[in-house]
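Novice: Structure incoming, see below.
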Amino acid sequence: MGSWIPKLLLLQLVLLLTKHADSSSIIKYLPGFEGPLPFELETGYIGVGEEDEDQMFYYFIKSESNPKTDPLLLWLSGGPGCSSFTGLIYENGPLGFKVEAYNGSIPTLVSTTYSWTKVANIIYLDQPVGTGFSYSRNPLADIPSDTGSAKRVDEFLRKWLTKHPEYFSNPFYAGGNSYSGKMVPVIVQEISNGNCIYGKPQIRLQGYVLGSPVTDYDLDRNSRIQFAHGMALISNELYESMKRTCGGNYIFVDPLNTECLELIKDYDNCVSGIYENLILVPKCDLTSPDCHSYRSMLSDYWANNESVRRALKVVEGTTGRWERCKWTLQNNKDIKSSIPYHKKNSIQGYRSLIFSGDHDMLTPYVGTQDWIRSLNYSIIDKWRPWMILDQVAGYTTTYANKMTFATVKGGGHTLDYKPDENSILFKRWISGQLL
């Protein structure tokens, strides 16, 4: 009889999880924030995949302007395996952490001034499954892949909109940064293709927005050498020698090309002390409140507090320790390059905003410019500064395929280094204004 106990417990767990599938809740209070939230927050799960086995967790925040007509934006974080809470709390959401030494209590939340929710409704989605609070009810599920996750996101959106039909008429955009540069163009294609299938709920797809996007592994990595030279991190002599000896390929070097390998060692010695996310920021002790990256630790303290999980309506027992970025998450990176998807999206007439922090060395702006030029579209608004209060905030150009490229002066790999400038950039673009 004892052999039935584990099976009975498993059955009870399955029934519990099934009961909580496709749930949603309006959250009025959050631990760490004083008083009621000054915006409308909804959290919940949407089941996708076979028998809804993948339960995708989301945070939805209504626009503070006119939620009935303002755009609906899906925002994804990078990784893969980084929770979209990263975007909500650090980059473009209405809440942020007060940066102070952690004393064992719940970190303090404060309102921000740069939230994109001032002009858009935003869904922050934890994907792929296993990221953040998203989980699978099937412990034997296949390892997620980029293309498979894109299909899951499309399914999520159509189900979410079916449960929130008041947003079907809102213009829809997909967005994200970093590794989302691989995912978002594919998701746009999945949505576009799905809209052509009779009987599927229609999504009013308009375009997409990407910050410092990972696009093509070889191109992104190789462009770091050109960027380092332009930023005076390596000498002109080393740069010219690397170009001549390595032939522009610095990633998969022929092991017989020993001269190139030696030059790459010299390059590594020059840049090893540089913080690649933002080369202006010093490398520092992550446990020090003076370190910019210290804030990422606060989200771990906050999201792993039981009162926080209860407030967010996280289903008990579905996830272990919450990690902002689950770097151990297994994922099949089967999209080598998203450039072909950008090409197809351009042909289909979707708008796009591609922007880069000009001091980001992980995915340098020079590499992003290279793949944009490879699309071979004519320029309709030539390279020029874009301004905030009569000061140069970056540079921009627009192409005939409705693609706008912009740099953010002094910006890094993620939006949190220049949140105000990124917010103004987005607000102008989403409303159809010139930058």
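Glycine is no exception: its Cβ is also placed from the backbone N, Cα and C atoms.
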Novice: Which of Cys246, Cys284 is the other half of the disulfide bond that Swiss-Prot records for Cys260?
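Specialist: Of the candidates Cys246, Cys284, the one Swiss-Prot pairs with Cys260 is Cys246.
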Novice: So what sits near Asn305 (N-linked glycosylation site) in its own chain, CB-to-CB under 8 Å and at least six residues off in sequence?
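Specialist: Sequence-distant Cβ neighbours: Pro31, Ile106.
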Novice: Highest CB neighbour count within 10 A among the disulfide-bonded residues Cys82, Cys246, Cys260, Cys284, Cys291?
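Specialist: Of Cys82, Cys246, Cys260, Cys284, Cys291, the one with the most crowded Cβ is Cys82.
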Novice: Whole-number Å distance between the CA of Cys82 (disulfide bond) and the CA of Ser178 (active site)?
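Specialist: Cα-Cα, rounded: 10 Å.
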Novice: Could you give the Cα-Cα distance between Ser178 (active site) and His413 (active site), in whole Å?
Specialist: 7
Novice: Going along the chain, which residues six or more apart from Cys325 (disulfide bond) have their CB under 8 A from its CB?
Specialist: Gly79, Gly81, Cys82, Ser83, Thr86
